[in-house]
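Have a look at the structure below, then the notes.
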Amino acid sequence: MRSVYRVAQVRSAESALMATLPAGTLMQRAAAGLARRCAVTLRGQGGVYASRVVLLVGPGDNGGDALFAGAMLARQGVQVGALLGDPDRAHAEGLAALRGAGGRVLADWPKRIDLVVDGLLGIGATGALRGTALTLAEQLAERTPRPVVIAVDVPSGVGVDTGDVPGTAIHADVTVAFGCLKPAHVVGPAAVLAGQVELVDIGIVPHLVGDPALRVADTADIAAWWPHPGPVSDKYTRGVVGVATGSAGYPGAALLSLSGALAGPAGLVRYAGSAHEIVVPAHPSVIAAPRMAEAGRVQAWVCGSGLGTDDRAAAEVRGVLAAPVPALLDADAITLLVDGSMSSELRSRDAPTVLTPHDREYARLAGADPGADRVAAAQKLASWTRSVVLLKGDRTVVAGPSGEAWVNPTGTPALATGGTGDVLSGLLGSLLAAGLPAIRAAVVAAYIHGLAGRIAATSGPVTAVDVAAALRPAIASLTRTPTGTAPVRPT
Ligand SMILES: NC(=O)C1=CN([C@@H]2O[C@H](COP(=O)(O)OP(=O)(O)OC[C@H]3O[C@@H](n4cnc5c(N)ncnc54)[C@H](O)[C@@H]3O)[C@@H](O)[C@H]2O)[C@@H](O)CC1
């Protein structure tokens, strides 16, 4: 598991550590890690000696890191040139070190570039890129062929604490993050611009205070949390999941959510709904009934997709809300919550509730788009509804009513196709029925669903049926890979 911290937490940890060290020590640690990573890239492109590196240098310490790393590379025979965003405010000692090692300040972009180091802005950034920093970022974006870019701490132009991208920003191949992960490395569009994130330990971790802003699970966590049957398990002790989705008009939603539920750890899957005659030929192990009241006992309900929004559907959602077991509400069930007529039933539930909105469903329910800070948006809805909220996206966010938040690292654009959400809700319901705490069930389901999307995408364009079929190999891969496939590797 990786913990992600906000800028204020990083700043106070850095201050606490700096008070115990000679001046400049942290910047030297950061620059050394950055220079090492740059050398790895240059070696991979044909060699370090005589390669050409351009530093983009901003007015703060982020630019200082780039200048000191440039000096280290210059001493290894690299031709290093610096483009200064604000010549009067460039880090003076860093600039002297670069010049002393044979590096130069450039008046313009050179023709040949093997690597660009983005040291325009780090954790001191506010708002969209502006001034010369913006001009340099725009000029970089226009270059063809596009040079390889390594960002210093964060890609310039991103919202470090939110992961939003308010304007032009640098698109990095690699981001060398100092000390710990920040939200921009893992969430929102910023996470895509960060590329491969590599952590350099500069010693601040023991000084980080307070709960992390976010957590990211890795394969080892998911493997440890996945419930397995024991020698005395039976189909009932493993948990029974009830699926109230689809309808005679939309039987596909029922079939897809059932395929997700059947891949999960529950021992039995029951179906309740008007597609009951259709689901059994497709999934013979499912026990089907026309209504919830006739479905038999379950340890969790999944309700919503393809249900419709008529009186019958509303009665089913009320029935699920009244049931004393964990409940997942998706799609049409979320729509039925929008008018507020079921708010008190929702907010007063004793058993856990999970809501799985995409952005448009979120906007209908919360009254506004998730906006720039997707984590805060999910936390707000979780707190108001007293539910776990799984806000779908390329980096799906999971937030609990107490404020705990997770981001899923396995997402893929391949999942952006109709019906994949139904597969996710079935799988998540099965994890709830197997007894996982709601927030953990949501984190595990999002992770496995993302892996399945990636596996399905290896054979070409993906449908929800392909994602459902890939759930089993995704789950099997947990036991084959004892430690992480997280997107972050320490250097
Ligand atoms: N504080 C520390 O102990 C350490 C800091 N380090 C580096 O220092 C960085 C933070 O340095 P700073 O606090 O100096 O901040 P930055 O280097 O991010 O620069 C902030 C300055 O950039 C300008 N600026 C802010 N937003 C802008 C925008 N949108 N467009 C154009 N200009 C903008 C402002 O003049 C602001 O003062 C970290 O990200 C990291 O790279 C590392 O050297 C490790 C140690």
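In case you wondered, yes, glycine gets a Cβ from its N, Cα and C as well.
TrEMBL labels come from automatic prediction, so no person has curated them.
Reduced to three states, the DSSP call for Gly64 ((6S)-NADPHX binding site) is helix. Taking the Cβ of Gly64 ((6S)-NADPHX binding site) as centre and 10 Å as the limit, one finds 26 other Cβ atoms among all the protein chains shown. Taken from TrEMBL, the feature (6S)-NADPHX binding site applies to 61-65, 122-128, Asp153, Ala253, Gly306, His358, Asp422.
Ser156 (K(+) binding site): 28 other CB atoms within 10 A of its CB, across all protein chains. Under the DSSP three-state reduction, Ser156 (K(+) binding site) is assigned to coil, being neither helix nor strand. Annotation source TrEMBL lists K(+) binding site at Asn62, Asp118, Ser156.
The Cβ neighbour count for Gly421 (AMP binding site), using a 10 Å radius over every protein chain in view, is 26. According to DSSP, Gly421 (AMP binding site) is assigned to a helical segment. Under the heading AMP binding site, TrEMBL lists Lys392, Gly393, Asp394, Arg395, Thr396, Gly421.
The domain 'YjeF N-terminal' annotation in TrEMBL covers 10-210. Averaged across the domain 'YjeF N-terminal' (10-210), pLDDT for the predicted model comes to 97.
The domain 'YjeF C-terminal' feature in TrEMBL is assigned to 218-478.
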Measuring Cβ to any atom of ligand 1 with a strict under-6 Å cutoff, which of the binding-site residues Thr126, Asp153, Gly393, Asp394, Arg395, Gly421 qualify? Thr126, Asp153
Extra residues within 8 Å (Cβ to Cβ centroid of Asn62, Asp118, Ser156), K(+): Leu56, Gly58, Gly63, Ala66, Gly119, Leu120, Leu121, Gly122, Ala151, Val152, Asp153, Val154, Pro155, Ile170
Same-chain shell around AMP excluding Lys392, Gly393, Asp394, Arg395, Thr396, Gly421, C-beta within 8 angstroms of the CB centroid, reads His358, Leu391, Val397, Asn408, Gly411, Leu415, Ala446
Reduced DSSP state (H/G/I helix, E/B strand, rest coil) at His358 ((6S)-NADPHX binding site) is coil
Considering Cα atoms only, can you say which of Asn62, Asp118, Ile123, His358 is the nearest neighbour of Gly421 (AMP binding site) among these binding-site residues? His358
